[in-house]
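> The active site, proton acceptor annotation in Swiss-Prot covers Asp68. Under the heading Zn(2+) 1 binding site, Swiss-Prot lists His64, His66, His142, Asp213. Feature annotation from Swiss-Prot assigns Zn(2+) 2 binding site to Asp68, His69, Asp213, His271.
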Amino acid sequence: MHMNLEAFILGCGGMVPLPHRHLTSVLLRREGELFLFDAGEGTQVSLRRLSLRWKKISAIFISHTHADHITGLPGLLMLSSQVARSEPLYIIGPPRTAEYVETSRRILDMYINYEIIVKEVIEPQVVYRGKDFQVRCFCLDHTKPCMGYTLEEQDRPGSFDPRAAQDLHVPCGALWSQLQSGVAVQSAQGVTVYPEQVMGPARPGRKVSFVTDTKYLQSIAAEVRNSDFFVCEGMFEKGMEKDAAEKKHMTCVQAATIARDARVRLMALIHYSPRYTDHELKRLLKEAQRVFPHTILSRDQLMVPIAYRE
């Protein structure tokens, strides 16, 4: 079964917002269900501009509790009370995420008419499970506890071989559908036919990874390996490795090195330093593309469709 999967860049900036560059936030839409990664200032604005239905947000994944990644969260929580919402909202993040949510609710005297479930994490683990996918967190190295995330789908069934089914005397119709659903059937001759007899090898699902803020770590490549879409901070240009390491951030070339080593399909740089104009960001893009050609620049309201690997 084909399921649509799209990524929306709601904010691509780091540290401070700019008129054309909201703070970091990325949203994934999978068959109508929404998952938000960070909620920087301006997240609501991009949601509205893209006509995304915020009440469909099932979970929010927070990388860390620096202001440029969470200041958009209180507004989202209040906004969700303005629409009919019956499902709980999950918020996953490092230590102090729950404190931030509870303090915001108390100080702002929020009216919340739905359940909020906060889970704090400090070590790699699966933090959210769907019917056929999961979200996993892993540790980064920043100035305070920080997590990266991957959303990974289960493998899909292989391609159905109608000729094999015919050779096994399985009549076309409902029985073919059952085989494709993983259910054994009886042939016209009364013989049990198993799905593996008519289905090709399993096909991989899709994987999306989100990494910011962190200094360069070789271990990140293993976590994001084979991602179909990799969103990674590229805060500084080549030559600023020392400054980046001191501030526990990465350069665009370091991000590209991870993408290359992890064999991802496409990487989008994000969390740019406000020192760079849009024109100057093109220089960072070229530097990254010399290491990993399949690199693009994030920009606010960018939508990236994520196709299956066939």
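Even glycines carry a Cβ here, placed using N, Cα and C.
What you see is a predicted model, and the numbers here were worked out from it, not measured in a lab.
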> Taking the Cβ of His142 (Zn(2+) 1 binding site) as the centre, count every other Cβ atom within 10 Å, in any protein chain shown.
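If we count other Cβ atoms within 10 Å of His142 (Zn(2+) 1 binding site), we arrive at 20.
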> Hey, does DSSP put His69 (Zn(2+) 2 binding site) in a helix, a strand, or just coil?
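The three-state answer is helix.
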> Distance check, please: Cα of His142 (Zn(2+) 1 binding site) against Cα of His69 (Zn(2+) 2 binding site), rounded to an integer number of angstrom.
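It is 13 Å, counting Cα to Cα.
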> What is the number of other Cβ atoms found within 10 Å of the Cβ of His69 (Zn(2+) 2 binding site)?
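I count 26 other Cβ atoms within 10 Å of it.
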> Report, as a single number, how many Cβ atoms besides its own are within 10 Å of the Cβ of His271 (Zn(2+) 2 binding site).
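Summing over all protein chains shown, His271 (Zn(2+) 2 binding site) has 28 other Cβ atoms within 10 Å.
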> Within 10 Å of the Cβ of Asp68 (active site, proton acceptor), how many other Cβ atoms can be counted across all chains shown?
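Its Cβ shell of radius 10 Å holds 23 other Cβ atoms.
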> Give the sequence-ordered list of residues that share a chain with His66 (Zn(2+) 1 binding site), lie 6 or more positions from it, and have CB atoms under 8 Å from its CB.
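Looking at Cβ-Cβ distances below 8 Å from His66 (Zn(2+) 1 binding site), excluding near sequence neighbours, one finds Thr143, Lys144, Asp213.
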